[in-house]
Amino acid sequence: MQNSPWFKENPLRLFITGRPGVGKTTLIKGLVSELRELKIAGFYTEEVRERGERTGFLFVVIGDGSCPLASTKPIGKERVGRYFVVDSLTLLPQVKQRLEVADLVIMDEIGPMEKKIGDLWKLIQGVLSSNKPVVASVHRSMNIEGKRYELTPVNRDRVREDILNEIRRYFGTKQDTFSL
């Protein structure tokens with residue numbers, strides 16, 4: 001299906017942006033759960049908290065484990081805000097392998113932190129220049145071409161439905177294929 005010229009010329013590009021804590025990662029994780037019928041590759045980030053305070057982030061490969069991404073403790077040379085960013089990600093080979101057979105790529109987040117990790121940034125750029133359909137959360141500062149959704153506490157449910165409908169249209173599936 002994705003070898004047709006239409007898919008190559010019109011790759012799906014849906015991007016979610018919004019303030020920190022508004023629910024971007026929750027939405028991304030929900031999409032992964034709801035779209036089980038598709039082969040999904042990619043990653044999302046999860047907060048690491050100690051005594052109620054955010055102290056870092058984990059890099060979670062969809063369906064294949066997690067590893068540190070950033071920490072308030074020195075785990076790499078580069079910094080973004082108060083976080084030290086790892087120099088490389090141990091699970092990047094798993095992401096690359098899964099991308100080859102994926103129907104849909106989901107990434108959370110594309111932002112300054114991810115840009116500091118050379119191999120990860122190359123992978124993100126490669127995905128964005130490919131014909132693979134992509135749904136990703138992006139930092140407000142990133143200028144990436146595609147349809148952008150500004151997530152707020154008020155519009156979370158509508159944005160979720162809109163994104164699911166866009167994916168349905170793209171893959172030509174029936175309305176009831178994916179649960180709402």
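Any Cβ shown, glycine's included, is placed from N, Cα and C.
Marked as ATP binding site by Swiss-Prot: 18-25, 104-111. The Cβ of Leu104 (ATP binding site) lies under 8 Å from the Cβ of Leu12, Leu35, Leu38, Lys39, Ile40, Ala41, Lys132, Pro133, Val134, Val135, Ile167, each of which sits 6+ residues away along the same chain. In the three-state DSSP reading, Leu104 (ATP binding site) counts as strand.
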Can you tell which of Val22, Ile106, Ile110 has the least company, meaning the fewest other C-beta atoms within 10 angstroms of its C-beta, among these binding-site residues?
Val22
Within the chain of Lys24 (ATP binding site), which residues six or more apart in sequence place their C-beta under 8 angstroms from its C-beta?
Ile16, Thr17, Gly18, Asp108, Glu109, Ser137, Leu151
Through the lens of DSSP with three states only, how would you label Lys24 (ATP binding site)?
helix
Hey, what's the Cβ neighbour count for Pro20 (ATP binding site) at 10 Å?
8
All chains considered, the count of other Cβ atoms within 10 Å of the Cβ of Gly18 (ATP binding site) is 21
Under DSSP, is Gly18 (ATP binding site) helix, strand or coil?
coil
